[in-house]
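Here is the structure we will look at.
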Amino acid sequence: AEQFNVTSYAATAVAIITFEAFAGMWINAFIFSVICMSWVRKKTLNSYEKILLVLGCSRFCFLCISWVYSFLSIIYPNYLYVHPIFQLFLSIQSFLSYSSLWFPACLCVFYCIKIANFRNSFFIYLKVKIDRIVPWLLLGSVLSSLVIGILVYDFTNRSHCNNSTRQGNFWKVKLKIDEQFFRLYFIIGFGYATSFTTVISSALLLLFSLWRHRCNMQTNSLKDLSKDAHIKAMKSIISFSVMYSINFISLIVGMIYSAKEENSMMFLFYVFHFAFPVIHSLILIFSNPSLETTLLRILPCVKCK
C-alpha cells in the first residue's frame, strides 16, 4: 500500500509539473519569437523589448532544466544524485531561477523610472538615461545570477566531498554540511529578498506618483494619458507583486522542507514554482497590445489544426 501511495504521488506530481512546464515553455517561446521577429523587421529593439527578450529566453531555459531535474528527482533519483550531474543541475537551475526572478524586477524598475513623475534631479537623470541603464541592469542580473550558480556548485560539491570522508568523523561531517547549507540558503534567501524588495519598492513609488498626479490633475488630455499609463503600469506591477509574494513564500518553504523530504510541502512548492513563470508571462502578453494581437491571431489557427 505504501508503494502504491508513493507511485500515485509521483505520477500526479510529474503530470502537473509536465503540464505547467510545457505550457510555460510554449508561452515564453512565443514571447521570444515574436520579439525576435520584431527585431528582424525593425532592425532595432527598445528597452522594454530587450527585457522581454531576455526574460522569455531565460524562462524557457529555466522551465526546460527544472522539468528535467524535477522529473529525475521524483522518478529516477538514483540517476540524478551522481557526481557531478547533481551539482551541475542545481548550479544551472539556480542561475536560471535567479535570472527569471531578476529580469522581471528589472522590468518593474523600468516601469517605475519611465512612468513615475518625480522632480528629484537624480530621478530625472535616470529617466533621461533609462535606455542606457537597462542593458547594465540586465548585465548585472546575469552576473549576480552567475555568482549564485557558482556558489551553489561549490557548496554542493563540498558537501559531496564531505560525504566521502571516513565514517568515524560522521558528526563533524554532518555539522560541516549543515553549516555550508545554512550559508548557501542565507545567500539564496538574500537574493530572493532583494529582488522582492525591488519589485515592492517600484510598486510603491508608482502608487505614490499616481496619487500625486491625481492630486495635481486637471482636465487635460495629456494628464489623462499620464494617468492611463500610471494605471496600466500599476495593474501589471501589482499583479506581479502578488504573484511574486506567493512565489517568494513558496521558495522559502521549498528551501526549508527540501532537506526534510516532506512530500506534500515539496509538491506545493513544485506547483507554485512552475506556475509563476507561466502566469506572469501570460500577464505580460495581455498587457502588451502587439503580443496579445499576435497570440489571438495564432490561437484560431491552432484550433483549426
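Glycine too: its Cβ is placed from the backbone N, Cα and C atoms.
Whatever TrEMBL says is automated annotation, not expert-curated.
Under the heading transmembrane segment, TrEMBL lists 12-40, 52-75, 95-113, 133-153, 184-208, 237-259, 265-287.
Proximity of the transmembrane segment (265-287) to the transmembrane segment (52-75) is established through 3 or more Cβ-Cβ distances under 8 Å for residue pairs spaced 6 or more apart. Tertiary proximity for the transmembrane segment (184-208) is limited to same-chain residues at least six positions away from its ends with a CB under 8 Å from its CB atoms, namely 94, 98, 101-102, 104-105, 108-109, 111-112, 115-116, 118, 144, 148, 151-152, 155, 230, 233-234, 237-238, 240-241, 244-245, 248, 251-252, 255.
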